[in-house]
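**Student:** Could you have a look at this structure, given as structure tokens, before my questions?
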Amino acid sequence: MTDIKYKRVLMKLSGEALAGDKGQGIDLETVSAIAEELKDVHDLGTQIAIVVGGGNLWRGEPASKIGMERSRADYTGMLGTTMNALVLQDSLERAGVQTRVQTAITMQQIAEPYIRGRAIRHLEKGRIVIFAAGTGSPYFSTDTTAALRANEINADAILMGKNGVDGIYDSDPNKNANAVKFTELTHLDILQKGLKVMDSTASSLSMDNNMPLVVFNLNTPGNLKRVVLGEAIGTTVTGEK
């Protein structure tokens, strides 16, 4: 029997990951490829929950900076995450994986409301659960949503797949050829060094609850499965030493 390191995970999937090379919008081929990666991990027996972002469709904070009321801008972004969630759900179900979408804002015609106990029950029954609409409140990022939901469902770790970046660096490796990669960090390191991984609210919540985080390159086929099996790829972030 395959030795699985993480038996229940919270996958943080950025909206940009669904855009592929386009950089914005939704690329259905890219979404289908991600769904196949998730299916491979699901087939191992790992329980998977997903928090999906919406940056490929909308960003609330920049909109607020040019005059849009911040709460309204953030709520618009929550609708974007729901669009992404429904597209991902469709790809997963076409791949043969039963999937449920739960939203933090009630949209009963298209998804279940977020109910912790029901989400855990879905996971126990072998369904993938996608959490959409953030926390349901403005001013909170989907990174913070990921940290919150991971703790609520008692996940073993948060898995954060990046586009073309294979871990956490001391500076942007796409802009600095001499950027240094970290293989291990603590959440306190991230806060003290000001590393751009998660926002400080998400990092603090993860640190306070000793929630591990693994950051890896989602674009490399099989990487998600390797992380779940415990291979040392990307960067692993743990509680304070």
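Cβ atoms here come from the backbone N, Cα and C positions, even for glycine.
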**Student:** Name the one residue among Asp40, Asp74, Asp156 that Swiss-Prot lists for the same UMP site as Gly54, Thr135, Gly136, Ser137, Pro138, Tyr139, Phe140, Ser141, Thr142.
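**Tutor:** As annotated by Swiss-Prot, Gly54, Thr135, Gly136, Ser137, Pro138, Tyr139, Phe140, Ser141, Thr142 share the UMP site with Asp74, chosen from Asp40, Asp74, Asp156.
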**Student:** Return only the integer: C-alpha distance in Å from Lys12 (ATP binding site) to Ser137 (UMP binding site).
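**Tutor:** Answer for this pair: 18 Å between alpha carbons.
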**Student:** When you tally the Cβ atoms that lie within 10 Å of each candidate's Cβ, which of the binding-site residues (Ser137, Ser141) has the highest tally?
**Tutor:** Ser141
**Student:** Would you list the other residues of this chain near UMP - those whose C-beta lies within 8 angstroms of the C-beta centroid of Gly54, Asp74, Thr135, Gly136, Ser137, Pro138, Tyr139, Phe140, Ser141, Thr142 - in sequence order?
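**Tutor:** Surrounding the site, in chain order, are Gly60, Gly77, Met78, Gly134, Thr144, Thr145.
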**Student:** Name, in the order they occur in the sequence, the residues of the same chain whose CB lies under 8 A from the CB of Asn163 (ATP binding site) and which sit 6 or more residues away.
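**Tutor:** Sequence-distant Cβ neighbours: Ser14, Glu16, Ala17, Asn217, Leu218, Asn219.
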